[in-house]
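S.K.: What Swiss-Prot shows for this protein is this:
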- HIS81, HIS83, HIS150, ASP172: Zn(2+) 1 binding site (BINDING)
- ASP85, HIS86, ASP172, HIS399: Zn(2+) 2 binding site (BINDING)
- HIS373, ALA374, SER375, GLY376, HIS377: substrate binding site (BINDING)
Amino acid sequence: MIKDFDPSEFVGKTPTKIFAFGGIQEVGKNMYGIEYDDEIIIIDCGIKFASDDLLGIDGIIPSFEYLIENQAKVKALFITHGHEDHIGGVPYLLKQVDVPVIYAPRIAASLILKKVNEHKDAKLNKVVVYDDFSNFETKHFKIDFYRVNHSIPDAFGVCVQTPNGNIVESGDFRFDFAAGGEMLDVHKVVKIAERNVHVFMCETTNAEIPGFSQSEKLIYRNINKIIKEARGRVILTTFASNITRINEIIEIAVNNKRKVCLLGKSMDVNVNISRKIGLMDIDSNDIVEVRDIKNYPDRSILILCTGSQGEDSAALNTMARGKHNWVSLKSTDTIIMSSNPIPGNYAAVENLLNELSKYGVTIFENSPNMKLHASGHATQQELQLMLNLVFPRYLIPIHGEYKMMRTIKNIAQECGINGDDVGLLANGQVMYLIDGKLYYSGEVINADPIYIESRNSSPDLARVIKQRQILSREGMFAVIVVFDKNNNILGMPTLITRGCFFALDSSPLMTKITHSIKRGLENVIQNKRFNTREQMIKELKRVCKETVSYFIWKNKSRNPLISTVLSWV
């Protein structure tokens, strides 16, 4: 049973601290910390994609405040694999925290190097590539790894031996015994379990899905069938990070005597990096530039593109809008959607499919009758298998929303793990591991989300987002008042409204607001005394705002963003 920490019971004991900067009670921005005495190691540093209501925001990363405050303790960052929700925050971390070394698998290391090169103010000290056989030590920690099967090659779980017990972080994983390729290293997991795993931090993304997930082998078979039977061009979209599937699709295309055209920056980048480090063996003669596809018969072309999530600027959406410079859709085209919409993208994907349908193209989506996508995350029986292999003393669910975390607690109980030994945490909540036992410490670090806009990150963006959300819902109302040097109001205040209500249809209300503002301001100037000019301006703005707010709420039931401009001539 996980108990509350009582300091009086552990005088002179130094705990191993376990906490999440992000990734708990959410899907995205995975980042976890393990601390002992004067050392902190970090596992992953990801980004979370912004929902539609976060207007103008490109992504969300964890707060690095705790690491900035404890800079001297930071010893290393360990990356489990190269997906954005695990590496997307790295350049922003390196702008604020001096990380001595980053340990990462091959493809993740290459992707990180490229990302950092795009952020000139990010300081990268050293990147060390690790594999299945790597071992690293700091003063207090011993770290090694086990390979997992995921939707990107070179994916790993991380094992950390600490003075108070052993911690395993699962990474993203699944079991796929049929597809071949990189298998989850069951033998290594068993060896790690023999050490006694005190805390298992396990991903929960697909914890609500029963059974075993579909094998990629079935996905390849179905894609091959569609490509083989297509009489025109095939346009296939999938996640650009799903390197394993992309490699297989290219092989299928070549076997069906089709040239492959890569469209979309992330698709092009990921394939080129994979070829460079030897994860893909592709003959350059099988790849064609988009400007050259017109020189080939339609049935000899497969376009592999971005846009599976309905992204506005992605290649497939550009085609659907008829705006692509080189590709115009035809009724003879076959579109394959080898993906599922991630939460928040359903509407965008449906809009994309509707636009594509207007061209009369043939569209294949992932469905129970035609499996074209398999998740890279463990479902219920796979989680049971992993829990039985590791059989930890304590379980901390990560990488999932609360309901997913709650579900894996039930799964763990079926595997013989006591429900009281499962810690359902929040980001920032610190657990103490002492002599192999886990405690709720009561300590909390800052884990506020930090918003990214045009590669800039700042806590202040939260206020900007709130203003944008008010603007989108309630509109804006501006008051402009001009005074002479004796503080007399010149003329009447000017009112401007945008997105709040139509001013021409509300002339009596606008007149009432104008006169009320003028009377209120004159009353302030005539009857109040101020020590400073700043105090007077603050009071004048307050009167303007409260007057506008009162009348608009009373008459329109709106609460717009109110801006006041006062000037003296």
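Even glycines carry a Cβ here, placed using N, Cα and C.
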S.K.: Please report the Cα separation of HIS373 (substrate binding site) and HIS150 (Zn(2+) 1 binding site) in Å, rounded to an integer.
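M.R.: Rounded to the nearest whole number, the Cα-Cα distance is 13 Å.
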S.K.: Between HIS83 (Zn(2+) 1 binding site) and GLY376 (substrate binding site), what C-alpha distance do you get in Å?
M.R.: 11
S.K.: On the three-state reduction of DSSP, what should I expect for HIS86 (Zn(2+) 2 binding site)?
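M.R.: Going by the DSSP assignment, HIS86 (Zn(2+) 2 binding site) falls within a helical segment, counted as helix.
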S.K.: Checking the binding-site residues HIS81, ASP85, HIS86, HIS399, which are within 10 Å of GLY376 (substrate binding site) at the Cα level?
M.R.: none
S.K.: Least buried of the binding-site residues HIS81, HIS86, HIS373, HIS399, going by other Cβ atoms within 10 Å?
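M.R.: With the binding-site residues HIS81, HIS86, HIS373, HIS399, fewest surrounding Cβ atoms within 10 Å: HIS373.
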S.K.: For Zn(2+) 2, what surrounds ASP85, HIS86, ASP172, HIS399 with a Cβ no more than 8 Å from their Cβ centroid?
M.R.: GLY23, GLY28, ASN30, ASP44, GLY46, THR80, HIS81, HIS83, GLY171, GLU203, THR205
S.K.: Using the recorded Zn(2+) 1 site (HIS81, HIS83, HIS150, ASP172) as reference, state which further residues of the same chain have their Cβ within 8 Å of the centre of those residues' Cβ atoms, listed in sequence order.
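M.R.: Close Cβ neighbours, site residues excluded: THR80, GLY82, HIS86, VAL148, SER151, ILE152, ALA155, GLY171, PHE173, GLY376.
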S.K.: Give the three-state DSSP assignment (helix, strand or coil) for HIS377 (substrate binding site).
M.R.: coil
S.K.: Excluding HIS373, ALA374, SER375, GLY376, HIS377 themselves, which residues in that chain have a Cβ inside 8 Å of the centre of the Cβ atoms defining the substrate site?
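M.R.: After dropping the recorded site residues, what remains is SER151, ARG174, ASN206, SER213, GLN214, ASN340.
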S.K.: Listing them in sequence order, which of the binding-site residues ASP85, HIS86, HIS399 have their Cα within 10 Å of that of HIS150 (Zn(2+) 1 binding site)?
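M.R.: Checking each Cα against HIS150 (Zn(2+) 1 binding site), there are no hits.
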S.K.: Can you tell me the CA-to-CA distance separating SER375 (substrate binding site) and HIS399 (Zn(2+) 2 binding site), as a whole number of Å?
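M.R.: Each residue's Cα considered, SER375 (substrate binding site) and HIS399 (Zn(2+) 2 binding site) end up 14 Å apart.
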S.K.: For HIS377 (substrate binding site), which residues of its chain lie six or more apart in sequence with Cβ-Cβ distance below 8 Å?
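M.R.: Long-range Cβ contacts: ASP172, PHE173, ARG174, GLU203, THR205, ASN206, SER213.
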S.K.: By the count of other Cβ atoms within 10 Å, pick out the sparsest of the binding-site residues HIS83, HIS150.
M.R.: HIS83
